[in-house]
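Peer 1: The structure is given below, and queries will be raised subsequently.
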Amino acid sequence: MSARDNEKGSARSQPSHAAASEIENVPRPSRQQSWTGTMIKVFIICACAGIVSKYIIPLDSIFKSVHIDPHDYATRANRILSTTPLIDGHNDLPYLIRLETKNKIYDHEKLPFRTGLLSHTDQIKIQEGKLGGQFWSVFVECATDPNAEIDDPTWAVRDTLEQIDVTKRLVQEYPDLLEYCESASCAKAAFKRGKVGSFLGIEGGHQIGNSLASLRQVYDLGVRYITVTHNCDNAFATAASTVAVGKPDLGLTDFGREFVKEMNRLGMLVDLSHVSHQTMRDILSVTKAPVMFSHSSSYALSKHLRNVPDDVLNGVTKNGGVVMVTFVPSFLKVDDPASATIHDAVDHILHVAKVAGWDHVGIGSDFDGTADVPEGLENVSKYPRLIELLLERGVTDEQARKLIGENILRVWSNVEEIAENIRALGEKPNEETWSGRKWTAAIDIPMPFMFKDSADKRKEL
């Protein structure tokens, strides 16, 4: 700025003596008038804020309603994933951590979760895939000896507790990305905060030692679903893998009915993935709450016993549950797994939706739980492409929202509500034990008796 400009500016900034005199003669408002005027302004601002909050559409709703070319599938998919949490029913990353680091997670050079792992799940892939919530499997395998007695729970329960521990610690280690949750409402709130809600699921009743007392304890530790069986029978039910090797499908046991009843009382999701087809039907006939299949596909499209037959899909509709379609190639295309692609996953989703309805389908990848993946679904980052392809096949935005998260959140909320109602009626914890249970022998030192027949009771141990 030149000196001349400065002079002009200075001249303009100085009022004349006459003008100054006029200003001085203007009556100033009294202190009472100033206070009143301020309060009026505050009232107007508050009133406007109230009107906005009551009548103006929330920002996420505005985003949802912005017009987008219906053929711009990528933008539609991005909008859907940005406003509705994609909640995956099953991911086995904690088990990989167990296998490869013995649950040591704090050395970020040895476990570069932020910068990238060769497996299916890490921070970069999660963010690229717009994952909105994850049921992390705190999986422990069945006994390697197929003839092992199922009442040998010591190591399985111990290892399950370790998996619960490492999963919680993993979530705590990355608080900018993950948020631990034990309820459907928390899952929704975490997504609004920009975090991936992280929930715990146990993959097999063997992991709780076939015990309802253990069931209650893992619930208290935050586990929110249990897969009734894994690839082995237990005290509760027959597994699909048992039927696959030619053994009879005995379905749900009497004790299994007590197990389901107690899960309903607690508010824990009953997961039917891995169970035999008869077990599926039996559980649907006795449960008081909606069920889930955390990672299963359609038996009509691929005759793998891990998949769900159409009659069971119809049963899920009546039950109000959800079938979360998985990406395991042998489940998608049992006759030729190597040729499975993302399009096969789309086919399975559409079939489940056609038979069960769009209110009863979800996504349960089984990422990091299978070495083989379909072409196009190599890892967690591929979810947006999956949604794009579904939209290309005619799926509406509303249907896609139900698929990716609204359905499982509804089921979870319903399970919680039913449990509250059951407990409100005064139902107490189930004290039943499995008939094949081997009780720990009494210690060989004198102990006082509680009853007249105590000696006989102790002989039964």
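Cβ from N, Cα, C; glycine included.
So Swiss-Prot has the following annotated:
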type	residues	note
COMPBIAS	1-10	compositional bias 'Basic and acidic residues'
REGION	1-31	region 'Disordered'
BINDING	H90, D92, E203	Zn(2+) 1 binding site
BINDING	E203, H274, H295	Zn(2+) 2 binding site
BINDING	H230, R306, D366	substrate binding site
CARBOHYD	N379	N-linked glycosylation site
Peer 1: What whole-number Å value do you get for the CA-CA distance of R306 (substrate binding site) and D92 (Zn(2+) 1 binding site)?
Peer 2: 17
Peer 1: Return the member of H90, D92, H274, H295, D366 nearest to N379 (N-linked glycosylation site) in space, with distance defined Cα to Cα and candidates limited to these binding-site residues.
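Peer 2: For N379 (N-linked glycosylation site), the closest Cα among H90, D92, H274, H295, D366 is found at D366.
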Peer 1: Using Cβ atoms only, which residues of the same chain lie under 8 Å from D92 (Zn(2+) 1 binding site) while being at least 6 residues apart in sequence?
Peer 2: S137, F139, D366, F367, D368, G369
Peer 1: So which other residues, same chain and not among E203, H274, H295, have a Cβ within 8 Å of the centroid of the Cβ atoms at the Zn(2+) 2 site?
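Peer 2: For the Zn(2+) 2 site the neighbour list reads H90, S137, G204, T227, H230, D271, S273, S294, S296, D366.
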Peer 1: Using DSSP reduced to three states, classify D366 (substrate binding site) as helix, strand or coil.
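Peer 2: D366 (substrate binding site) sits in coil per DSSP, no helix or strand.
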Peer 1: Hey, what's the widest CA-to-CA gap across H230, R306, D366, the substrate contacts in the record, in Å?
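Peer 2: For the residues that bind substrate, the greatest Cα distance is 13 Å.
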Peer 1: Within 10 Å of the Cβ of H274 (Zn(2+) 2 binding site), how many other Cβ atoms can you find? Include all protein chains, please.
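Peer 2: Other Cβ atoms within 10 Å of H274 (Zn(2+) 2 binding site): 25.
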Peer 1: Pull out the binding-site residues from the set H230, H274, H295 whose C-alpha sits within 10 Å of the C-alpha of H90 (Zn(2+) 1 binding site).
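Peer 2: Within 10 Å of H90 (Zn(2+) 1 binding site): H295.
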Peer 1: Roughly how many Å lie between the Cα atoms of H295 (Zn(2+) 2 binding site) and E203 (Zn(2+) 1 binding site), rounded to a whole value?
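Peer 2: Between the Cα atoms of H295 (Zn(2+) 2 binding site) and E203 (Zn(2+) 1 binding site), the distance comes to 11 Å.
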